[in-house]
Every structure is written in C-alpha cells, then in structure tokens.
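Notes to accompany the following structure.
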Amino acid sequence: MLKLSIKEAMKIGFIGGGRLAFALANGFTSAGLAKPDEITASCHPADVLSADAFKASITHLLVSMFLLKSTLGATALFENKSVVERSEVIIVSVKPDVVGKALREVKDLQASGNKLFISVAMGVSTASIEKMLPSTARVIRVMPNTPALVKEGAAALCRGKLTTDEDVKLATQLFRAVGTCDEVPEYQMDAVTALSGSGPAYIYMMIESLADGGVRCGLPRDLALRLATQTTLGTAAMLKNGGHPAAMKDNVTSPAGSTAEGTYHLEKNGLRAAVIGAVKAAEERCKQVNRELSEKL
Ligand SMILES: NC(=O)C1=CN([C@@H]2O[C@H](COP(=O)(O)OP(=O)(O)OC[C@H]3O[C@@H](n4cnc5c(N)ncnc54)[C@H](OP(=O)(O)O)[C@@H]3O)[C@@H](O)[C@H]2O)C=CC1
Ligand SMILES: O=C(O)[C@@H]1CCC=N1
C-alpha cells in the first residue's frame, strides 16, 4: 500500500475542477500542502456534449483552465484518468449525479487500486463510492465548505471500509490546514452537510438581509454591508472563544431597548423555526440523493 505523508507537499488531483475544488486547491497551496504546479484538476469532458453544449462548455472550460493556471498555477486536464495517474490523493469533487460516470472512467486503471480517494460529494455514501472503484481503493468522505478558501473552513469526515488511521490523519491534516476538521460516524454526514456544508449560503442570506435592513433605515449600501459583515465576523469570533449564544444574546439586549424590539420581531416571524427547518430540509435532500444513487448501483 502506498504510504502518504503530509510532511512534503503532495500531488493532489481533483476529479471535477469546479467551485469547491478551486477553494480547496487555493487553500492547500497557500497552506504549503501542495505545490501549485503539482495540482491537477479535470473539467467537463468534451466528448459527451452536443455541438451547442460543446461550444458553451469549451468557453467555460477555457475559463476554468485559465483560472486554475493563472490564479493557482495548477494544471487543468481533459481526462479523469490522467488526474488519477498524476496524483497521490484524489479529491472527487463533481456533482453527486456525475460521480458514477466520472469514477467509471478510472475504475479499471491499475493506479486507482492503491490510492486514497476523498469524496466531497453531497449525499454520496462511502459504500457507493467503494462500489464505483477497484475493491482495493481507500475511500474517505469529507464534507468541507467554501470558507476553506480563506482558511476558515469547517469540515467533517468519515471512514470507508478500507480507510487506515494514517489516511484519516492525512485527510484531517489537509482539511485542518484550511479550517477545522472533525471525524464523525457516517450517519451524521448528511446533517453535517446540511449545517456547515450549506451553512455559508444561509449566513450570506442573513448578512444580505442585515445590510438590506440598514439600507431601509437610510444607511449607504457599502457601509451597511461592511457593518453586517464585520458584525457577523465579530460575533462568531466571540463564540469561538467559548460561551453560550443565548447568554451572549442576553448581554446585547438592554431592557426596553432596541435589540429587544428586534429579537421580538425575529421570534414573531419564526426565524429559529425557519433555520432549523432549512437544516432539516437540506439533510433530507442529502438522503434522497443517496437513495436515488444507491438504486442505480
Ligand atoms: N460548493 C460548495 O459549497 C460545496 C460543494 N460540495 C460538493 O462538491 C461537489 C462539487 O460542487 P461544486 O464545486 O459546487 O460544483 P461545480 O459544478 O462548480 O463543479 C463541478 C465540476 O465538475 C466538472 N465536471 C462535470 N462532469 C465531469 C466529469 N465527468 N469529469 C470531470 N469533471 C466533470 C464540471 O464541469 P462543467 O461545469 O463544465 O459541467 C465542474 O467544473 C459536489 O458534489 C458538492 O456536493 C461539498 C461541499 C461544499
Ligand atoms: O448545495 C450543495 O448541494 C452543496 C453541498 C453543500 C454545499 N453545497
């Protein structure tokens, strides 16, 4: 079995060079875990597209290649096989419904059998990934999030059937270089996806709403957005130092003051139920994706 060590920069390949791959590649290189010129990423293969889709995709592909090369110094490849052959660790970062197609292309490669595959695909279980790869391939499932781009990511991972402690150590080190990373049992991965994987989208909506509120009260847009962003950052930083959000909220809320009016309005309009419901709905969607995929395998 190929032993990996994170002491030296690793050859990391991405099957699917999209938004998340870009965020992770950027984070890994700036953390010194991979040399930009040793990162490879594959993009949408042109052979399966209609003429019109090909034209649209080639533009998209050229933009992706340009971004990967110019911003990161990484190499964009047309073939998933080349990514596997050229990498020590392969991050599967295509959409869940494309995972099967992409991995079928590399299943028969000899190189696939002794490599570590890290899947970040939402809702796709390690058992499903293992069925799509040679029986000896090692698989880890990770759910990262896009703040990895600024080394403030939150990730959780779980083991597959053949994952070794060293693999977990390596993946943990990789994702801790771009934020936090916890190991969880696989049954919790959909909940993690629904909370921290999707969470940045919910927080952006909250920040945008705060800024809209400020504008409604007469603040200039740029000031409102800066205040909303910094307030979110500062609030999260305080919580990270310890303490309970309810107690911290009470510290902000003066008797008969402005915050009490504001929080009453949020309670009346069901903010908490809406957020809890959003996480639950996102978790359900993960389970649905896994069910649909498992039926096809
Ligand atoms: N975005 C996020 O915040 C997070 C995403 N994830 C997971 O990461 C994965 C990727 O998501 P995201 O980066 O947002 O999606 P993107 O659509 O941005 O990236 C997917 C990439 O894969 C390419 N692709 C499509 N088909 C193939 C193929 N057969 N072989 C190789 N590459 C292919 C796509 O090209 P083209 O566009 O030309 O089709 C695209 O560049 C998903 O499984 C998602 O669940 C996990 C955590 C957070
Ligand atoms: O929306 C999605 O499906 C992916 C998974 C978590 C964040 N983005």
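Backbone N, Cα and C atoms are what each Cβ position is placed from, and that goes for glycine too.
Where the annotation comes from TrEMBL, it is an automatic prediction and has not been curated.
For the NADP(+) site, TrEMBL gives Ile15, Gly16, Gly17, Gly18, Arg19, Leu20; the one candidate out of Ser42, Ser82 that the record lists there too is Ser42.
Asn80 (NADPH binding site) and Gly16 (NADP(+) binding site) are 8 Å apart (CA-CA, integer value).
Of all the binding-site residues given, namely Ile15, Leu20, the one with the smallest number of surrounding CB atoms inside 10 A is Leu20. Considering only the binding-site residues Ile15, Arg19, Leu20, Asn80 (NADPH binding site) has Ile15 as its nearest partner by CA-CA distance.
When the binding-site residues Gly16, Gly17, Gly18 are compared by the number of other CB atoms within 10 angstroms of each CB, Gly18 has the fewest.
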